[in-house]
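Asker: Swiss-Prot lists these features:
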BINDING   His231, Asp233, His286  Fe cation binding site
BINDING   Arg296  2-oxoglutarate binding site
DOMAIN    211-305  domain 'Fe2OG dioxygenase'
Amino acid sequence: MMTAPKPSYSCACFYTDNIFIQEFHVHVRYTGEQQFRRDYERVLSSQGCRTSEQFRNVLETIKKEVERRRKLGEESLHRRREISLHYKPLYPEVYVLQESFLAAEFLTAVKYSKSPQANVEGLLHHLHSITDKRIYRLPVFIPEFCAKLVEELENFERSDLPKGRPNTMNNYGILLNELGFVDALTAPLCEKYIEPLTSLLFPDWGGGCLDSHRAFVVKYALQEDLDLSCHYDNAEVTLNVSLGKEFTDGNLYFSDMKEVPVNERTYAEVEHITGQGILHRGQHVHGALPISSGERWNLILWMRASDVRNKCCPMCDNEPVLVKTLGDGDGFTSVREDREQTVDICTLT
């Protein structure tokens, strides 16, 4: 007998908080126009939003983004159906993880992390630590796989099938769950290969109990997104893998964890190397400098641990108010419905 799929949840803050105003490089919270004017009119003015028309445009942008988020699950399911019915993959083999796709150094690190004597000190011999910020570089994919994956994504990009934004800040890229990559590619990558590493590197951030993930690819090009402002991820642990192609500049930069005051943060710049991944805590503030030529593609895995986020939402830093959603949700679970606070998305105002 088939079991019903588990319900998916987001935190209610997803519909009000961390709304990015790209023109003025600021994240805002919006519960209504009166609150927004009170909290952000002066901030936006200092960023260059000084006319009534500019402010009205900002409000319109926010309202459109809130509406997009409300419809996200429904529209994502629609896109998945359309893609599964009408898209013909260029390279079907890249949808199913094979060890031949993975770099030898990565496999060695994973093998060590699964051994009975494994510890974090020993694992660090197989990784490159970037300063003392608990940011790690490691080879993940061979270049040939990266090239094929990008060709597959470009093939989909050229199709007239519907496409969703990869996240709330990037405008260009692809949601890998909608294209069918998750079950046989990114899920086994996370469960079989990455979690043994994160269980040693980030035990205090749920690295040993990651139970869901969000997978997407972001694209940077001269006439599209050039850079990415400072932010933190809706994840306990993030893996960012460079897929190529040819480009100049566009390095990542990391400061400190989000609770560190801005005036006390220090920065480290990190170069992209095709096939190599950067592994870091999701709450580590980071961004990307502008590219100056070419195209840059990166695979992003936001890995979630419900044991961690069920206690404290990483985006609002409060106990999550759970909202049932269509689609995949944001990694929250409600094991005991009678003890968890839940609301219906339709009741949010």
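Just so it is clear, glycine is given a Cβ too, placed from its N, Cα and C backbone atoms.
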Asker: What is the total of other Cβ atoms whose distance to the Cβ of His286 (Fe cation binding site) is within 10 Å?
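Answerer: By my count, 24.
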Asker: Which state, by DSSP, holds Asp233 (Fe cation binding site): helix, strand or coil?
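Answerer: Once the DSSP labels are grouped into three classes, Asp233 (Fe cation binding site) ends up as coil.
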Asker: Near Asp233 (Fe cation binding site), how many other Cβ atoms are within 10 Å of its Cβ?
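Answerer: Summing over all protein chains shown, Asp233 (Fe cation binding site) has 24 other Cβ atoms within 10 Å.
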Asker: Got a sec? Which of these binding-site residues, His231, Arg296, has the most Cβ atoms within 10 Å?
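Answerer: When each Cβ's neighbours within 10 Å are tallied, Arg296 tops the list.
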Asker: Rounded to a whole number, how many Å is the Cα of His286 (Fe cation binding site) away from the Cα of Arg296 (2-oxoglutarate binding site)?
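Answerer: Distance (Cα to Cα, whole Å): 17 Å.
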Asker: Please work out the mean pLDDT for the residues of the domain 'Fe2OG dioxygenase' (211-305).
Answerer: 97
Asker: Distance check, please: Cα of Asp233 (Fe cation binding site) against Cα of Arg296 (2-oxoglutarate binding site), rounded to an integer number of angstrom.
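Answerer: Cα of Asp233 (Fe cation binding site) to Cα of Arg296 (2-oxoglutarate binding site) measures 20 Å after rounding.
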Asker: Rounded to an integer, what is the Cα-Cα distance in Å between His231 (Fe cation binding site) and Arg296 (2-oxoglutarate binding site)?
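Answerer: Cα-Cα distance, His231 (Fe cation binding site) to Arg296 (2-oxoglutarate binding site): 19 Å.
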Asker: For the domain 'Fe2OG dioxygenase' (211-305), how many residues does DSSP put in helix, in strand and in coil?
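Answerer: Final tally across the stretch: 3 helix, 59 strand, 33 coil.
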Asker: Within the same chain, and leaving aside His231, Asp233, His286, name every residue whose CB is within 8 angstroms of the centroid of the CB atoms belonging to the recorded Fe cation site, in sequence order.
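Answerer: Filtered neighbour residues, in order: Cys230, Tyr232, Thr238, Gly282, His284, Val285, Gly287.
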